[in-house]
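As recorded in TrEMBL:
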type: DOMAIN; residues: 18-55; note: domain 'Tyrosine-protein phosphatase'
type: DOMAIN; residues: 84-159; note: domain 'Tyrosine specific protein phosphatases'
type: DOMAIN; residues: 86-168; note: domain 'Tyrosine-protein phosphatase'
type: DOMAIN; residues: 212-433; note: domain 'Tyrosine-protein phosphatase'
type: DOMAIN; residues: 366-433; note: domain 'Tyrosine specific protein phosphatases'
Amino acid sequence: SVPKDCGKPCTVATHIMNKMKNRYINNLPYDDTRVVLSLLDKDPYSDYINASLMNLKVGEYFREGEVLEFGGIYVAVLERLQHPHFIRSVIQYTRPEDYCKRSGITIHCSAGIGRTGTVLLVLLLKEFQEASTWIDPISVLRNMRETRAGLVENIQQFNLSLLLLYECIYGKLGSVYTNENDTNWDNNLIECSKLFERLMKQPILHTYSFGENNIDFNRNPAILPSDNQVIFYGKKGTGKNSDYLNSISIDIEDMLNSIIVTEHPLPSTLYNFWKMLFAKKCSYLCMLNFIEPSEDFPSVLPLEEGAFDFGSLAIHVASTEGPAHFVSSQYVVTLSSRESSHSVNVIQLLDWKPEEEYPASLSQLEGIVSFVKEKANSKAPVVLCCSDGVTACGLVTAAVNVVNRIDVYQELNIYNSVLRIRRCRPEFLTSKV
């Protein structure tokens, strides 16, 4: 409902002497809000750059370890700090006439509209929220596009800005920092109970058309993968699909799509289960529940020294080890039509029954959480499998995110870690236990 372009003139940007300075011909600054540079050597066209003013001043590029010079402006990197998701650099740029002058903040990306617009929208919405009791994201976006066309390119970036705004406002809710001498665990437990009630009231909106169109291939018709989290490993689409499996992807704090969660496969989806592991190049499969094979719960793994043969896909055992609480096995998966093979390491827990919310041995839970955290990888995600794809998988996934947040940020925040994974699957962690 917000026009991408406000129709204001861009005559300076389209001038023949300035066209070559634009990276994209459909992304031009308006005449009335463009950044006007100082003229160089009396060149009348040297004041143009494809940048727009939003009560901010646009800076120049820089290079670490060097002092660069741009028409009498000297640019140097004074400090560079690596953070988990970004790098903070302190830049010094000087010229004689600029001493003692202050400037604004530069927000920059490749085209200057997508990621730049997303960050600007979050900042402006936060200012709006601090000054008022309500916010109007559409109006704020419309005002932004009055200064530069195309800011916030798509609905995904708009939704991301709203999620980031939520994190800005509520992100520290329930946080306990590991460097704090907070030993009042009784009060913390009471607060956790209140936050759980808040968690259950959070609206989580999903569509499930892909799962609904493949309803016969779901163990529980009430637990379906949402359309924005479902795993596609074959032909992508929302209709009935022979490659369907009730599985979703989940992020760990700093790694996208590093965990795949799925239910114990049905007899009709066992082939799809292994095909997904092969297609996604998954190196680790964690079977969280110990389930005696039956007609409804077929054995996922071939017997020792045995094999599964699905025609184009064959699985056989390479090796098996048996520590105290779990069995570690390696299986070689071969897709004969491609004349290639892939190894999958399978961890089978022995003490976690499907009807139990947590395993008999908490040390086993601690071990599997540490294992998943260590092995999770965006290029080769770890697969978690439990009887319903919810109970055991939800607890392990939440614990991995909690522990990872402590390691990365030195912050314990169970509420936001659980909220994060419930946005992927609302059925996760619905019990206080």
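Any Cβ shown, glycine's included, is placed from N, Cα and C.
Any TrEMBL annotation is an automated prediction that lacks curation.
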**Request:** Pop the mean pLDDT for the domain 'Tyrosine-protein phosphatase' (86-168) in here, whole number is fine.
**Result:** 82
**DSSP residue counts for the domain 'Tyrosine specific protein phosphatases' (366-433), split into helix, strand and coil** = 38 helix, 7 strand, 23 coil
**Prompt:** Using DSSP, how many residues of the domain 'Tyrosine specific protein phosphatases' (84-159) fall into helix, strand and coil, respectively?
**Reply:** 37 helix, 8 strand, 31 coil
